[in-house]
Every structure is written in C-alpha cells, then in structure tokens.
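According to Swiss-Prot, the active site, proton acceptor annotation covers 122. Residues annotated as disulfide bond in Swiss-Prot, with sequence analysis given as evidence: 135-380. Here Swiss-Prot flags 142, 146, 149 as [4Fe-4S] cluster binding site. The feature S-adenosyl-L-methionine binding site is assigned by Swiss-Prot to 206, 207, 238, 260, 261, 262, 337, with sequence analysis given as support. According to Swiss-Prot, the feature active site, S-methylcysteine intermediate maps to 380, an assignment based on sequence analysis.
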C-alpha cells in the first residue's frame, strides 16, 4: 500500500478576524427580513434598506467576502458603519487536514454563546467524479446515544445557530476556491470544472431535526437562488427518525431525506437507535411514505450499518424489503467502523455482498459505502470535537463513506 500523504495546517490560537467579531451580531444566517431590520436599527433609511440588503446578500453569498472593506460598490461611510456594528467573519480554523484521496476535514471553533467555553465542530469535504459533497454539523455533540456510533458518545453541548451551520459551507468554499475570482488549492483533488461543492449533507455531528428552526433557516439560505444557490435536490438532511419534524422538513424545507435505519424490528432498533422507543418503525415509515415529492428521481436514502450477527442476516434483508415496499428508496449499506470500546463487529464481507445482492435483486439500488479519508480520521460515525475525541493513534476514521453519493443530479 502506498504511503499515506496528509497535510495538516494548524492555525494560531488567536485569529483576530474570527474572534474579535464574535461579540458583534452577525449578518450571516439572517433572513432578508431580519437583515433589513438590523440595518434599520443602525440608522439605514427605510428607502435604502431593500437595496442594501440586496448588496449585502450578493457580497456575502455570491462573492463570498468575509470583510466589509471588500464590498467595493458600498460607500465607505456605510462600510464603516457596518464594520462598527456587525461581523461577517468566518469561524476559527483549529486544524485543516487533507487526505491523499482529496478528502478534506476542518476542525472549527466557535464562540461560547452560553456554553461556557468555545466549542468545536468538524465538517468534511469529499470529492468525487463530477461532484463534491460537504458534510455539515448541526449540533456540538449529540443526544441520541446510538450504540454503534462513536459521535454519540459525546454529550450535547449546544445547538449550532443558522450562521454557524452556514459558515461551514462558506468556509469550505473559501478553502476550495469555490467563490468567483478565487484560486483552487494546490495539491489534493478537487473538481476541475464547475463548482467544487455541488452537494451538501446534514450528516455531521448532531441530530439536525433536534435543531429544526436553525437548520431550516440555514438550508433555505443555502438553497436561495440569488445566493449560494444549491439545488434542494442536492441537499440531503439525515435524521435518526424525529417523526414530527420529518413532516415539517418536507413541508417547510423540501430537501432530500436520509434515514438512519439500521434495523427492521423495533426490539433491535430500540437498542441500536434509542429514539425508536419514542418514534417506532411504524410511525417512521408512515412519515417517509408521506414525504412530499417522492418519485424515482426523488428517493429517500436509508442508511444501514452492517453489524456482524446483529442485523446482517438474509431474514433482515427480507424484512428490509418488506418494510420499504412502495417507498422510492435507495439503501446505503455501511460496513461498521470499529472503535475502541465498542462491542460490535463489522459483518463479514461475503455476508455484506449476499445482503446487497438480495436487496439489488428486489429492485433497490444498494451501494456498499467504501472508506474515504481514513488517513485523516474523517469517516462515518467517528466525528467528534477535539476536546472529546480519542487519541488519534486509537481512532479508525471512516465517516466519509456515509457522505458520498447523496442527493440527485439535476
């Protein structure tokens, strides 16, 4: 096997552009209406507000600037007023890692916002043929305690704000040269033509539907046609099954849906994904059947981690087909990623192939996720912030296998 090549960049502990603006309100993550009200509060005349909001929206989300002084068509006195009252700074980059397969991972630090100390989250970029996918976090930590997932062993610290969700996308586009007049980074692979980030998945740290309002606001801004302009068919929200908010996601956001399923019987899913005790399979599947716009072109993705002698029998495969009957679906099979202290093992490869063949023969797409970014510890079920993570020499990182292939091509 070829030697692994990893680039690690550590930023200084104090980054003035990120940290000094942290005490000011941010314009990132605000709706147009909220941004307009913020401008009125600093004395912008009503007759100018709509024009100023349009200017700011374009500079922040189309041009990707993070400094008011770069807004060259905004009068200097207005730029000074904006600088005095607001920020559009990016979060602090604690660490950036680049895998030899092009996978990139950023450890980002945000201000406390009531958490008592600064908090850290990770986001991951996966380049593929003709597309690039960004995996975004929605919470610091997680409440779900799924027994096979190492990320779930980190206690929930707090929800991320809409600005903090969006800033992961903005920062990644900065680092990838994905805004106009920006150069792509030298070295690891990124798509040569078109946008570097074509797809976005809410599959990082946390349960996004336990932070519904902020995630909703962030995704509606990310898909706004006059800004970041990501197609809703290229945004996937992954949930462990918060049923009431699945209905709201379809009605109020309209992005693609992925379900962390992992079992076809309530008694087993109660163990693997404890939220099932509150929202059992019957209710979850009913919500999926009623998700708006389902078709062969807009399928729900069901994630299924392969656990040896737990959920990998052909009887489980038959149960999976029966459970999803009539739902336009894609079933992602994920080889389990062992981590120190877990009692689970990955299914044997032959068994995974038999399981996949059975699913495929029933007419369902059933890709087996292959590891990406394992050399930079960026893989499925392993995202964990620096203060809570295991020693790197002990960690097996495979989160990225879960990320790739989500969303539909327009």
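Using the three backbone atoms N, Cα and C, a Cβ is placed for every residue, glycine included.
For the pair the residue listed as 'active site, proton acceptor' and residue 135 (disulfide bond), the Cα-Cα distance reads 9 Å. In the three-state DSSP scheme, residue 262 (S-adenosyl-L-methionine binding site) falls into the coil class. For residue 122 (active site, proton acceptor), other Cβ atoms within 10 Å of its Cβ number 27. Cβ contacts within 10 Å of residue 260 (S-adenosyl-L-methionine binding site), excluding its own Cβ and spanning all protein chains shown: 25. Recorded residues residue 206 (S-adenosyl-L-methionine binding site) and residue 135 (disulfide bond) have their alpha carbons 12 Å apart, per Cα-Cα distance. Rounded to a whole number, the distance between the Cα atoms of residue 135 (disulfide bond) and residue 207 (S-adenosyl-L-methionine binding site) is 13 Å. Rounded to a whole number, the distance between the Cα atoms of residue 135 (disulfide bond) and residue 337 (S-adenosyl-L-methionine binding site) is 18 Å. The record assigns 206, 207, 238, 260, 261, 262, 337 to the S-adenosyl-L-methionine site; their largest pairwise CA distance measures 20 Å. Between the CA atoms of residue 135 (disulfide bond) and residue 262 (S-adenosyl-L-methionine binding site) there is a gap of 20 Å, rounded to the nearest whole number.
Around residue 207 (S-adenosyl-L-methionine binding site), taking its Cβ as the centre, 26 other Cβ atoms fall within 10 Å, counting all chains. All chains included, 30 other C-beta atoms sit within 10 angstroms of the C-beta of residue 206 (S-adenosyl-L-methionine binding site).
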